[in-house]
Ligand code: NIG
Ligand code: FE
């Protein structure tokens with residue numbers, strides 16, 4: 001039997017289990033303890049009632065939250081786009097076209113360089129409390145380059161997404177229909193064994209609604225589950241398509257009609273908001289309040305990528321969502337943990353209840369509200385993943 005550890009001295013424990021503590025969606029327990037056995041949580045409750053264990057860790061009056069679930073990132077890439085960011089901050093606007101720069105750098109990089117880059121970004125995210133992450137291909141855009149991106153990603157996460165339909169590959173610029181045939185044919189054949197999800201950038205300058213439907217449907221026939229980049233740069237068919245196909249998530253959701261909001265509120269598709277992208281492209285913020293008031297499930301993620309959102313920090317995204325998107329600190333934390341889990345259709349992460357994975361972050365703060373109240377301050381001082389302390 002594996003040894004058990006109690007973490008005690010927790011001022012505020014966020015469980016995301018509404019059946020305990022204050023019975024709110026965050027399931028807050030004050031003056032709490034949590035018991036880990038192996039890679040699982042086996043007990044949460046008030047410190048005075050904790051069962052006997054083999055080991056004891058004193059949280060020293062800090063806050064414990066579920067590890068962040070970053071359900072949207074693009075981390076298999078080489079190079080960066082500093083120049084493009086600089087130009088944007090001087091007034092140029094963001095377009096999908098910049099993706100080509102990263103495609104060229106990624107194709108030119110060796111496997112070891114791509115993997116080292118991925119590992120470096122994952123370590124950076126872990127230090128900021130991220131214990132589960134999804135990541136995508138999409139900077140290769142050839143059969144071989146997409147398949148190798150997914151093979152590399154799959155060594156580090158189960159949440160791997162095939163995004164051959166990020167933009168039309170430069171070689172097919174004059175014949176987008178042929179590129180869609182490639183993505184739904186030989187590229188899908190090579191990529192499906194390495195991925196769980198299929199994604200499309202459904203946007204002006206990338207793929208239209210009919211192309212997106214064809215790609216997601218082909219992926220689904222090969223056992224991949226759909227998710228979609230939708231309504232980032234303008235209104236479009238992406239969100240409605242996501243709900244129609246029961247996609248796990250519609251990501252960005254910046255430009256929504258009332259019908260889009262109603263569709264998200266009535267279906268199972270999670271609205272994943274990516275405030276790092278609006279920050280880094282100086283774009284209009286998504287309206288989280290409108291989605292929440294309508295009853296939609298909202299997730300928050302980084303969208304970490306070298307073009308539109310080069311941050312791996314979930315606390316930064318929480319602070320932006322609270323400041324600029326109408327979320328309360330409680331809602332933002334829920335969306336960055338349980339919301340991300342919902343966007344990945346997972347119930348084993350994003351919460352700290354008996355049976356859940358022991359993935360948690362220790363905050364040097366008396367409550368989780370400090371994540372938004374103290375923006376930019378490195379509050380994460382400990383991280384456990386699968387029951388093992390890694391930070
Ligand atoms: O989610 N929108 C499409 N893909 C990324 C941007 C990729 C890039 O600019 O390199 C995004 O924002
Ligand atoms: Fe993205």
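Note that Cβ sites are derived from N, Cα and C of the backbone, with glycine treated the same way.
Just so you know, TrEMBL annotations never went through curation; they're auto-generated.
Over in TrEMBL, the protein carries these features:
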type	residues	note
DOMAIN	63-368	domain 'Amidohydrolase-related'
BINDING	72, 74, 229, 303	Fe(3+) binding site
BINDING	72, 74, 229, 303	Zn(2+) binding site
BINDING	81, 139, 166, 232, 308	4-imidazolone-5-propanoate binding site
BINDING	139, 305, 307	N-formimidoyl-L-glutamate binding site
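The 6 Å Cβ screen around ligand 2 retains nothing from the binding-site residues 81, 232, 308. A Cβ distance below 6 Å to any atom of ligand 1 is met by none of the binding-site residues 72, 81, 139. Using a 10 angstroms CA-CA radius around residue 229 (Fe(3+) binding site), the binding-site residues that qualify from 81, 139, 166, 305, 307, 308 are 166.
Site extent for 4-imidazolone-5-propanoate: the farthest pair of Cα atoms among 81, 139, 166, 232, 308 sits 19 Å apart. The Fe(3+) site is defined by 72, 74, 229, 303, and by the 8 Å test on Cβ atoms against their centroid, the other residues of the chain that qualify are 73, 136, 251, 252, 274, 277, 301, 304, 305, 309. Here the binding-site residues are 81, 166, and the one with the most other Cβ atoms within 10 Å of its Cβ is 166.
For residue 305 (N-formimidoyl-L-glutamate binding site), the nearest neighbour among the binding-site residues 74, 139, 166, judged by Cα separation, is 74. For residue 139 (4-imidazolone-5-propanoate binding site), the spatially nearest entry among the binding-site residues 72, 303, 307 is 307, judged by CA separation. Cα separation, residue 303 (Fe(3+) binding site) to residue 232 (4-imidazolone-5-propanoate binding site), rounded: 12 Å.
Report note: the N-formimidoyl-L-glutamate site is defined by 139, 305, 307, and the residues of the same chain whose CB lies within 8 Å of the CB centroid of those residues, excluding them, are 74, 77, 81, 98, 99, 102, 138, 306, 308. For residue 74 (Fe(3+) binding site), the nearest of the binding-site residues 81, 232, 308 in terms of C-alpha separation is 308.
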